[in-house]
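Taken from TrEMBL, the feature compositional bias 'Low complexity' applies to B:1-12. Look at TrEMBL and you will find B:108-246 tagged as domain 'ArnT-like N-terminal'. According to TrEMBL, the feature region 'Disordered' maps to B:1-28. The transmembrane segment annotation in TrEMBL covers B:36-54, B:93-112, B:119-136, B:142-160, B:167-185, B:197-220, B:232-254, B:303-322, B:329-347, B:353-372, B:392-413.
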C-alpha cells in the first residue's frame, strides 16, 4: 500500500514536470497567431541605431576569418566589429589583425590580457571600447545573415526593447546521432520556448545573436566573469530588473552554428551550462522577479537539467515497478503517465524534425527519424550524466571553463542557403 | 452555384494577423445574449420533455440494468462488474456512471436502481445538447440554424426515448461532441486539438463503436486547423487519442488478460466475441433483425433519421462548390460512415446504434437548411442568378419547410405526449414491490431468483444476495462461476421474475428454460407480451431427482 502511494506520488510529480516542459516547448505552435508573432517584422528602412558587434575568439583561427568576412557583408549602415583575442593566442590574433587591416574602421582587435581567460572576461574587456548604441555578441564560428542587423534595429525601435535575442540554430543534424538531437534541441528552444520566456518576463538569454542596449549593459555591470553561463545570467539579471526582452526567430535570419565535434565535447559543454545554470540559481537574482509565477518559472527553468536527469532515471524504474511488482492495475496505469507524456514529446519531436527540415530546406530522411527516436534514451542518459557531473564539479568548486572546440563542420558541409523556402 | 465564393469560408490560409481576433470565438459565444437566450430556452424545453415521466417511459431495458449494476459494483468496490469482467465493453462508460451517481447513491442507496438513475442521463443529454449548439456555431451556422440542430437533437421523439435510457452510447455521444467542439476551436489552439484527441479516446473507451466516427473528426480538425500549425495540431490529436486508447489494452496486459489463456478471460476473447456476434442481416431486408431495429427508429421519428441522412448526402456532395456546405461536412461525413457501417449485411446492429448518429443527423439537417438559406439569399453563387429565380427558390424552400412542419409537428406532438404520459414500467415496479414484501418472500438473503438486469439492483437493495441470490438470468447458463453455485441446475432456484426479456432469451438458455417450465406463475403484472410474471419453482418437481 505504501509502495503504491509512493509510486503514485512520484509518477504524478514526474507527469506534471514532463507535461509542463512539453507545454512550454510547444509554445510557438499553440495558435497560428502565436506562431506569426514569433517572427521578425520586416524592416521598412536600413535602420538608425549603431551596433558594436563583439566576437570573442580563442584558438579559432580556422573559422574566424570566414565569420568576420560574413559579418562585413551586413546590409546595415552603421556597425563595428570588435574581435577579442587573448594575448597568449598568436594564431587567432594574426588572423584577426589581417581581417582588421582589410576593413579599417569597421573591424578592431581588442586584446584580453587576463591571466585565466573565459568568455565573460573577454566580453567585459571589449565593453568599454564599444561605440555603438547596441552591443551584439557573436561566436567566432557563427554564420550571420547579412540582413540580421537591419531586422534587429527595426525590432529595437518598434518594440522599445532593451534586449533583442535572435535565433541560433545548429544545422549539421546529419553529422551524428547526437548532433541530430542537439539540433532539434536548439530548434525547440529558439523557435518556441524562448518566446514563452520573453512573454513571461523571465529569460535566460542565449550566448550569441543577443543584442543589448549599450547603456543598459553598462548599467548592469556587463557580464559576470565568474559565471559559467554568463549569457543565461545576464538574461536573468536584466529580466529581474524589469528590462524588456524581445525574441524573434526567422529561419532565414538565424545564426547558424555547429554541434560540438565529439560526444565528450557535448558532455563538457552541457556540464558547463548545467553548472552555469546552477550558479545562476544560487546567485538568487531571480528572486527579485515581481510575481510568484515568474519566480516559479525561473526556479523550474534553472533547475531543469536536474529534473531532466532525475526523470531519465526514474521513468524506466517506474515502468519496471508497474510491470514487475504486484501493484493494483489502476495504480500501474498511473505509473505509465510520465512515460506517456514522454511519448507525446517524442512524437512532437518527430514533427519538429520534419518542420526543421521544411524550414531550412534540408532533406530529412527516414533514417534520421529513426535515429531521433532510437537516440532519445541515450541522449537522455547523456543529459543525466552532464547534470550529475555538473553537480559534482560545483560541489568540488571546479569552476573553470571547459571550452568547446570548433572544426567548422557547418561551414564545409552545409553551404549557406539564402532565402530558403519555408 | 458555379463558383466558390469565400463569404462563409472560415479558414483564411494566409498568415493570420498577430492579434487574436478570431470570429465567433468562444468568449463571444459565451457573452452573446441571443445565443445564451436561445440555447438556454431550448435547453429548458429539452430537459422538460426528456425529464418529465423519465422513470415511466420507455420500458426499462436490460442493458440499462447491466451498465448501472456494473457502476454499482464499482462503487461497492467489487471490481468492474459483480460477475467476472470479461472485456465485453471498455469499462470507462460505467466508471463515469459510477462517478456521477456516487453522491446520490451514498445519500440513499435505494436510488441506485435503473428508474431513478435515469435522471442522471438528463445531465448527459443537457451537456450533449449544449455542445451540439456550440459545435454548430463553431461550424459557422447562424444562431437559428444552431438552435434548429439542438432542437432536432433534443426534442425528436426518437432522441427523447433513447436519451432517457442509461446507455453507454449516450455518454459516448457527449464525449465525441466535445471532441468535435474542440476540433473546431476558433482559436485553433494546439492543446484544444490535443484535447479533441483525448475526448475522442474517452468516447471510444466509453463505447467502442465510436471508432467509426473518428475519420469524420479528423476531417473536421483538418478543416479547422491552420496550415502553419496543422502538422503539430493533427499529430498531437492523433497521438493523444491513440495513447489514451492504448490504456485499455495496457490495463488488460497489467491484469495478464490481454491474450487468451486457461482459466481467465481476455481482451482478445472479448473482441473476438464482439466481432463474431451473429449478424442481424441486411438493413433493408424486410425480415432481418437490422430492419426491425430500423423500423423501431422510424416508428418514433422519420424526419431526423431520413431527413438527416439525405441532408448529409447533400452536404458531402456539395463539398466542392458550396462554401456554406463545407464546414458541416465533417459531421455529415460521420452520418455517412455510420450509415455505411449499418449497411454491412454481416454486421450486428443493436437497437441503440442510432444514438451515435443522432447529433450528426441533426447537425447535417440544420446545416443543409442553413446552406440552402445562403443560396436563397444569394450569398452564394453569383453568375446569372436573378432576383426572380431567388424568389422562386425561396418560396419553394419555404413551402418545403412548411410542409415538413405540417408533417412533423403532429407526429412529434403525439409521440412526445406518449413519452410524457405513458407509464410503461408499472409491471416492473409491482414486481419489485412483490419481491420486496416479506409476507411473500420471508428471507430474501436465502432466496435465489433469476431476474433480468433491469430489476436486479432493486432486488439487491431488497436484501437478495448480489450475484448468487439475485442472479442475472443468463449468467446461470453462461458464467461457469455462477453455474457452480447451482449444482442441481434449475432445482436450486426459487423464483424466476419472467420479464419479456427473460421469456425471449430463454429459448437459447437451457437452465432458464427449464426453470420456466418447472415453475408456475404466482402473480402476473401487466398484460400480454409486456407482462412481468413472478414464477415460483414447483416444490414437488424440485424434490424429485
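Note that Cβ sites are derived from N, Cα and C of the backbone, with glycine treated the same way.
Long-range contacts of the transmembrane segment (B:303-322) within the same chain: residues 1-4, 152, 156, 158-159, 297, 328-329, 331-333, 335-336, 339, 354, 357-358, 360-362, 364-365, 367-369, 371, 374-375, 380, 404, 407-408, 412, each at least 6 residues beyond the stretch ends and with a Cβ under 8 Å from a Cβ of the stretch.
Note on the domain 'ArnT-like N-terminal' (B:108-246): DSSP counts are 116 helix, 0 strand, 23 coil. Residues of the same chain lying 6 or more positions beyond the ends of the transmembrane segment (B:329-347) and with a Cβ under 8 Å from any Cβ of it are 135, 139, 180, 183-184, 209, 212-213, 215-217, 219-220, 223, 279-285, 290, 308-309, 311-313, 315-316, 319, 353, 356-357, 359-361, 363-364, 367. Averaged over the domain 'ArnT-like N-terminal' (B:108-246), the predicted model reaches a pLDDT of 95. Below 8 angstroms of C-beta separation, residues 30, 118-119, 121-122, 125-126, 129-130, 133, 143-144, 146-147, 150-151, 154-155, 159-160, 163-164, 416, 419-423 of the same chain, each at least six residues beyond the ends of the transmembrane segment (B:36-54), sit close to that stretch.
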